[in-house]
Amino acid sequence: MFDMYYFSQRSRSYDSDEHERGACEWCEYALIITLATILLIGVSALTIFWIFFYREGYAWADDVPEKQFNLHPTLMVAGFITFSGFSVLLYRICRCFRRIYVKLLHAIFHALAFPCIVIGFLAVLDFHNKKGINNFYSLHSWIGFVAMGLFGIQYAVGFFSFLLLLICNKGTASFRASLVPIHAAFGILTFVLGVAACLTGLTEKAIFTLGAEKYSGLPREGVVINAIGVASIAILAVVMYIVSRDKFRTSSSREEHIRVSVDL
């Protein structure tokens, strides 16, 4: 009789612990999603505010090349950080959708990032040519060039392997499964390089535009530029935290991860 009572109490205790863990997990899940969304939208909004309030807005005209340059930081932040960040997060934390819908959302946000990166690159390249400035001489440009190359390769491989090859789902399943860890690893690397390119570009722009002496005095524009950089670092931290937490995987991703671990 005592054993049955003891076993019943232990079962209730385990159920209570599971419920508490579930509640804590969902609170963490909601907090992370909210924080990530605010940061991803906020960094682009802050960049647009900086350009309109301090840099006189946008243009694509020969008479105002500086306004054309303004497209570069705005579109690169939107492409490499905001849209790419949402793409990574949606693929990782969308628990309520079918896997194919998650893949489509992942591809859509990358498709939104692609023209931003291309136009942002063309804007600064044309600006340099108009002003007689050398191209690809700085660390920022080297990091950005590598990030753009990886982004293009990732997009092409992902579109071909994880969308087009679904036409022959069973015949290509093992091949697509073998690409998943590679695609995921290079996706994170591309995102990290994109953030690094944005940070070095912001610093370069602040020094060239404000001057080292004025920038060291921390003017208001310098504060805004620094705030964009800090927000970018915070986004990277949140994304890496989510990627490192197995509990943020979708249920199907967890099952695949378990099967791979068992096979190994």
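Placement of Cβ uses the backbone N, Cα and C atoms for every residue, glycine included.
Note that TrEMBL annotation is computational and uncurated.
With a threshold of 8 Å between CB atoms, the same-chain residues lying at least 6 positions outside the transmembrane segment (29-53) that come near it are 70, 73-74, 77-78, 81-82, 85-86, 89, 93, 221, 224-225, 227-228, 231-232, 234-235, 238-239, 241-242, 248. Sequence annotations record features per position, and here TrEMBL assigns transmembrane segment to 29-53 (among others).
Residues or ranges marked as domain 'Cytochrome b561' by TrEMBL: 35-244. Computed over the domain 'Cytochrome b561' (35-244), the whole-number mean pLDDT of the model equals 90.
According to TrEMBL, the feature transmembrane segment maps to 73-92 (among others).
Annotation comment: TrEMBL describes 104-125 (among others) as transmembrane segment.
The transmembrane segment annotation in TrEMBL covers 145-167 (among others).
Look at TrEMBL and you will find 179-203 (among others) tagged as transmembrane segment.
Long-range Cβ contacts of the transmembrane segment (223-244) within its own chain (Cβ-Cβ under 8 Å, at least 6 residues beyond either end) map to 32, 35-36, 39-40, 42-43, 46-47, 49-50, 53-54, 77, 81, 85, 88-89, 92-93, 188, 191-192, 195, 198-199, 202-203, 205-206. The transmembrane segment annotation in TrEMBL covers 223-244 (among others).
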